[in-house]
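Peer 1: Input: one structure, supplied below.
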Amino acid sequence: MAEQVALSRTQVCGILREELYQGDAFHQADTHIFIIMGASGDLAKKKIYPTIWWLFRDGLLPEDTFIVGYARSRLTVDDIRKQSEPFFKATPEERPKLEEFFARNSYVAGQYDDPASYKHLNSHMNALHQGMQANRLFYLALPPTVYEAVTKNIQETCMSQTGWNRIIVEKPFGRDLQSSNQLSNHISSLFREDQIYRIDHYLGKEMVQNLMVLRFANRIFGPIWNRDNIACVILTFKEPFGTEGRGGYFDEFGIIRDVMQNHLLQMLCLVAMEKPASTDSDDVRDEKVKVLKCISEVETSNVVLGQYVGNPNGEGEATNGYLDDPTVPRGSTTATFAAAVLYVENERWDGVPFILRCGKALNERKAEVRLQFRDVAGDIFHQQCKRNELVIRVQPNEAVYTKMMTKKPGMFFNPEESELDLTYGNRYKNVKLPDAYERLILDVFCGSQMHFVRSDELREAWRIFTPLLHKIDQEKPQPIPYVYGSRGPTEADELMKRVGFQYEGTYKWVNPHKL
């Protein structure tokens, strides 16, 4: 293997800048104003301000970029700095750059439903570029309850008259098909689809984006990526921690709305879709919509719901169950774990189960796509062979590996499980790539919508899950208890086995570069 040359962060950012500035859509010379609606909130201080700082620090933003915070709270830039800077991870050497960054920040206080407040915000932004061409990006870091008032006032009062306007909308995009359609219809009445960026940060993950290249740039996968060779597909999202005092928000939505209906379903689309005509945003999203249209509504017989309980042998938070969280309503039946089986009813995938599973307070932090292949026909090894699997590990330790059988060293033909290792982190050692939020915000600056959710995608996703969600909301079935730190309810394993997944439990991936 050729020796890998480690790139410094400066070199990597230089390559990224070159890629960005060569693109037609990245208007480096223009003034850009990035407006954070809800600047006083948790999302803004923990994610958005740090992300904009990292992009500014690494020279990835257009040079003449201003950041404007807007919220109801009477704050100053110094207040915003005190709240958000602990999440910046800035080094002492970066202090001068940090001062430059905050010199480009300003803050405007105002109500979300008051037209006069937006006139004041617009006057403030106009003063920043004094009549020159300026583009405006509005990030709605707000609860959906105020979306309608905020978007209406932005459209009527705060749109740039000399450049483009783009609006970033955070999930949840509604609670069901009806509320999502209502929100989509409202926003679509104010903005064109090419101005709307519905952000699902999982679509910014490197390995999620890598799915398309793996599938369509490698000849070896094309002939086997179908129902004749693949027995089942498992899409997993596991967190090792519970709600930890933040259960009030989670209880309103639950694990299906929070993770399954968006993150996991988007990954399913990338696994199942046909090759798009090009990598243009709409070509890719057209193929994803075709997949969603082939999926029927989830059947309750193919769903397992769970809720974690305290581990009597655990320590700290692990001793607390979901209902022990003081912010969770007493007796709540909200699921913190869900497994569901979907079927893509088309020629390529007919009969192949797509198993979606996600949960909190589980045994590990992991997000992955696992394709389990069918048994080898004509077994000559006396049932010693396990099924091949292709695993795309999204987090942690980004990796792609194939579980396969090889001969065990010795005199006899004894097969054993091994892996063909394509560990991403080792191949690109020391390469610091933008994280999901950095990548997606750069996409908005560039006008690329490939990794954002289109209105028809959203509609189909809610169509699939809304009947199940309504049934759960109305009947409030008792979720199956599972112990904090476990693999989840055993009933989920039984469901997976019933639809065709074979869990051997004899193999664990080991990063060979850390041995």
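The backbone N, Cα and C atoms fix where each Cβ goes, glycine too.
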Peer 1: According to Swiss-Prot, His201, Tyr202, Leu203, Gly204, Lys205, Glu239, Asp258, Lys360, Arg365, Gln395 bind D-glucose 6-phosphate; identify which of Lys171, Lys275, Lys290 is listed for that same site.
Peer 2: Lys171
Peer 1: If one looks at the chain holding Lys89 (N6-acetyllysine), which residues at least 6 apart in sequence have a CB under 8 angstroms from its CB?
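Peer 2: Expected: Pro50.
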Peer 1: Checking the recorded positions Tyr202, Arg357, Tyr503, which are within 10 Å of Lys497 (N6-acetyllysine) at the Cα level?
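Peer 2: Matched recorded positions: Tyr503, sequence order.
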Peer 1: Among the binding-site residues listed here, Arg72, Arg487, whose Cβ has the fewest other Cβ atoms inside 10 Å?
Peer 2: Arg72
Peer 1: Tell me the Cβ neighbour count for Arg370 (NADP(+) 2 binding site), meaning other Cβ atoms within 10 Å of its Cβ, over all protein chains shown.
Peer 2: 17
Peer 1: Please work out which residue of Asp42, Glu239 has the most C-beta neighbours within 10 angstroms of its C-beta, and give that one of the binding-site residues.
Peer 2: Glu239
Peer 1: Out of His263, Arg370, Gln395, Lys403, Tyr503, the recorded positions in the record, which is closest to Gly38 (NADP(+) 1 binding site) when you go by Cα distance?
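Peer 2: In terms of Cα distance, Gly38 (NADP(+) 1 binding site) lies closest to His263.
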Peer 1: Please state whether DSSP places Asp42 (NADP(+) 1 binding site) in a helix, a strand or coil.
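Peer 2: Where Asp42 (NADP(+) 1 binding site) sits, the three-state DSSP reduction gives helix.
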